[in-house]
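What TrEMBL annotates here:
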| type | residues | note |
| --- | --- | --- |
| ACT_SITE | D51 | active site, nucleophile |
| BINDING | Y115 | substrate binding site |
| DOMAIN | 8-95 | domain 'Pseudouridine synthase I TruA alpha/beta' |
| DOMAIN | 148-264 | domain 'Pseudouridine synthase I TruA alpha/beta' |
Amino acid sequence: MRIALGVSYNGSRYQGWQSQPSGNTVQDQLEAALGRFAAEKISTTCAGRTDAGVHGLMQVVHFDTRLQRSPNSWVRGTNAFLPRDIAVHWAREMPNSADGRPSFHCRAHATARRYAYVLLQSPVRPSIEAERVGWVFLPLQAHAMQQAAQALLGEHDFSSFRASGCQAKTPIKTLHRIDISFTPAGHAAMREDHAMPCGYWRFEFEGSAFLHHMIRNIMGCLIYIGQGKQPAAWMQQVLQARSRDAAAPTFSPDGLYFLGPVYDAHWNLPSSTPAFAWLPGSPL
């Protein structure tokens, strides 16, 4: 029997999703909790691996088991053994194909993946939101970033935004959309002799799949452009260079969230993501 789960996690203290010898990953914690509840070894597959420090709002995983339990039992039983920064939100028993084999694969059947980067604009670094938002202390120009982002839409070779250790078979990916918005915090903070508008930027990305560090490397370039260090046209030059050396430094993982995969409706999986009640004027 194949079970699908919807999982959220704060990635701040983990070495990413994928299992490591240290055991300090989200996958290791989830498989340990599932194993304790099911009293059998459980191996999971996820829809999208996340790096160290990156958070997940609705990661989808699947695993095979002999244990017969209701969806609610899987949720409550697994959560009982998870640390408080990881939670299972839902469980679904997935159908088998005509030959009796599992028909659903959380990674292969995802038609797209969605990420968001939440960025605090303020002269003072985040404290309450530490490790949950990125931070810039200079104001950003929305129009320049939005113009630059247009160069990345569609199918491209994203080698300029690929980490050196990326294991993807090809750097060619398709970006469907990049949405950029700003939510004011309701006040202006003083920076030297002028007032600076404070608030939260939200960058949302949807694409077929993403390379290792791809979004964080794109964020580095967008911030350079937003701060006026480079013109909007520079993004096209970086893309065409197909060289990591052409782009800006990799930006912090702190504000990056995997919003979750997108599936065809016939799989009947929940599509909503948990809200950020802690974030003033939350854009998520």
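Note that Cβ sites are derived from N, Cα and C of the backbone, with glycine treated the same way.
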Distance, D51 (active site, nucleophile) to Y115 (substrate binding site) (CA atoms, angstrom): 13
For the domain 'Pseudouridine synthase I TruA alpha/beta' (8-95), mean pLDDT (0 to 100): 96
Secondary structure content, the domain 'Pseudouridine synthase I TruA alpha/beta' (8-95) (per DSSP, counts of residues): 25 helix, 23 strand, 40 coil
